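Visitor: Below you will find the structure I want to go over with you.
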Amino acid sequence: MIHRFYRNLPLASLLVVGLLTPAATAQLTQEEAIEQIRAAIEQGQQQLADKEFEAAVDTFSQAIQLSNGQLGAPYIGRAQARKELEEYGKAQEDLKNFQQYNQDRTPALLAQASNLSGEIYIELGALGDALADFEEAVEYDSSNPLYQFNLGKVYALGGAPDQGRKALTKWIEAGADDPEKNAEAYRLRAQTYAQLGKYEDADADIAAALAIDSDDHEIHALKGTIAAIQEKWDDAAASFKDALDKYEPEEDSDLPYIEGHLQRSAMLEEAAKATDDPEKQRELFQEKLDESQRLLDALPDRPDVAPAKASALFSRGVAERQLGDLAAAVRSFSDAIDINPAMAQAYFRRGICFFHMGEERMAIDDFDKAASIDFASPHAALWKGRTYAELEEYYEALKAYAQALSVSDRYTDAYVNRGLVYVKLGEYERAIADFNDAIRLQPTNAQHYYFRGVAYALQGDHKRAIKSLATAIDFDDTLAPAYLKLAEELDAIGRSDLASDYRARGNELSNHVSQ
């Protein structure tokens, strides 16, 4: 939006020492010269309003020359025109000249200059510099809703939600007749509410923004993000689909909505993992595959979109693996790696595919590569341990699990898997110690108590085995192996009468699962 500066300039603003150029004073009376300056400024403002930016630059340049460079409004007007022409360096130079030569130090004019400088910095992506300018503009003129809007926007984008909410509320409460900015203000304030954990307020602002502009893809995308924060994966996927439907590329751009495709694909994956319905899970992974392919089909074959292509290939590979097409998944992950050899997750996921295909050595190589790139993640080391255990190379497996735990000593799966290896090696005390660590981290997980009970049983400690297996059943009364193992331990201490009940229940649960 174009804003007018000093449309009706007071005479006192023009009567400054050295205002008129020598040429002007030789040909015109002072009153005539002042009127020419005023007319030039008004003409420039009209040209801004009409989006005739190049003409506005010329007109404001004329006003600057007539005023001997000592009037602020023409500098600000020309800077505004140059900003709209994306001549940001020249626009900032005008604002520097305003600060240096302008003799009119009224707060309103200084606020306009600071605000415009901040808007330029936003275009340049320099949020820190923009924030300083908008804070200065508000300090000069706190009653101007536009400055509050810009300040709130930078706070919201910069991760200061409470300050952003307050400033954006001032714009909203001002009731400005500006639908575009009103929709943006509600969207940005919704973002701040979400960052503060106030999801009902965020949803209300999203609804208000959509009521103003239901075609703004950014509003739908934010709605999806807020749903994702609350782990409402189906809602998030639906909102990102709406965002994709509403998206219109920037002028002179042939790029699809890359972030929208990738985010929707991620939401579909989370929704699939969250459901207990196998059929729905398969449908969601198929939809994820289709979404990833749509992005790949829409991307031009150019180097600048290579990272997006690698991400889309990775996303497709994840879906293919979950759908059981391991060979296709390996191809997708390999193509992603060819584009981005530093994509640790692609090596990791390809390694899992190789593991399930029986290509254990290939899997280990991929897990090593993933760990060398993303050394802060324990997952590749865990899977390397699983692979060595599958090969019955148990001491190598122990090394891998130790590597995983050196990265994260709260990685429950590593304790459990290492404990199982210790059981294989007959080192029951060490196995029990690992299962105890797993229990401390996940005290309500029945499986950990079951594994510990098995270790106690193998050690010949029937009393502790019975106690651990009974606790497993307390936490999961459908865990069939715990009933069956508990029956064995009860038989071992001569309680066959009680053992028969547990064995019957275990067999019943096992038959139910097999059906």
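Glycine residues also receive a Cβ, built from the backbone N, Cα and C atoms like all the rest.
Sharing the features that TrEMBL gives for it:
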{"type": "REPEAT", "residues": "111-144", "note": "repeat 'TPR'"}
{"type": "REPEAT", "residues": "183-216", "note": "repeat 'TPR'"}
{"type": "REPEAT", "residues": "310-343", "note": "repeat 'TPR'"}
{"type": "REPEAT", "residues": "344-377", "note": "repeat 'TPR'"}
{"type": "REPEAT", "residues": "378-411", "note": "repeat 'TPR'"}
{"type": "REPEAT", "residues": "412-445", "note": "repeat 'TPR'"}
{"type": "REPEAT", "residues": "446-479", "note": "repeat 'TPR'"}
{"type": "SIGNAL", "residues": "1-26", "note": "signal peptide"}
Visitor: Please give the sequence-distant neighbours of the repeat 'TPR' (111-144): residues at least 6 beyond its ends with Cβ less than 8 Å from one of its Cβ atoms.
Guide: 3, 5, 72, 75-76, 79-80, 83, 86, 88, 91-92, 95, 98-99, 150-151, 153-155, 157-158, 167
Visitor: Any residues 6+ beyond the ends of the repeat 'TPR' (412-445) with a Cβ under 8 Å from its own?
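Guide: Tertiary neighbours of the repeat 'TPR' (412-445) are 378, 381-382, 385-386, 389, 394, 397-398, 401-402, 404-405, 451-452, 454-456, 458-459, 475.
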Visitor: Going by DSSP assignments with H, G and I as helix and E and B as strand, what are the residue counts for the repeat 'TPR' (183-216)?
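Guide: Grouping H, G, I as helix and E, B as strand yields 27 helix, 0 strand, 7 coil.
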Visitor: DSSP-wise, what's the residue breakdown of the repeat 'TPR' (378-411) into helix, strand and coil?
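Guide: Summed by class, the stretch gives 26 helix, 0 strand, 8 coil.
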Visitor: With Cβ-Cβ distances below 8 Å as the criterion, list the same-chain residues six or more beyond the ends of the repeat 'TPR' (183-216) that contact it, or say none.
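Guide: Tertiary neighbours of the repeat 'TPR' (183-216) are 149, 152-153, 155-157, 159, 161-162, 164-165, 168-169, 171-172, 222-223, 225-226, 229-230, 246.
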Visitor: Please indicate, using numbers and ranges, the residues of the same chain that are 6 or more beyond the repeat 'TPR' (344-377) and have a C-beta under 8 Å from a C-beta there.
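Guide: Tertiary neighbours of the repeat 'TPR' (344-377) are 310, 314, 317-318, 321, 326-327, 329-330, 333-334, 336-337, 383-384, 386-388, 390-391, 403, 407.
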Visitor: Short question: which residues 6 or more past the ends of the repeat 'TPR' (310-343) have a Cβ under 8 Å from it?
Guide: 261-262, 265-266, 269, 272, 281-282, 285-286, 288-289, 291-293, 295-296, 299, 349-350, 352-354, 356-357, 373
Visitor: Who are the chain neighbours of the repeat 'TPR' (446-479) in space, where the CB to CB distance is under 8 Å and they lie at least 6 residues beyond its ends?
Guide: 412, 416, 419-420, 423, 426, 428-429, 431-432, 435-436, 438-439, 485-486, 488-490, 492-493, 509
Visitor: Per DSSP, what is the residue tally for the repeat 'TPR' (344-377) in helix, strand and coil?
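Guide: The composition, in the requested order, is 27 helix, 0 strand, 7 coil.
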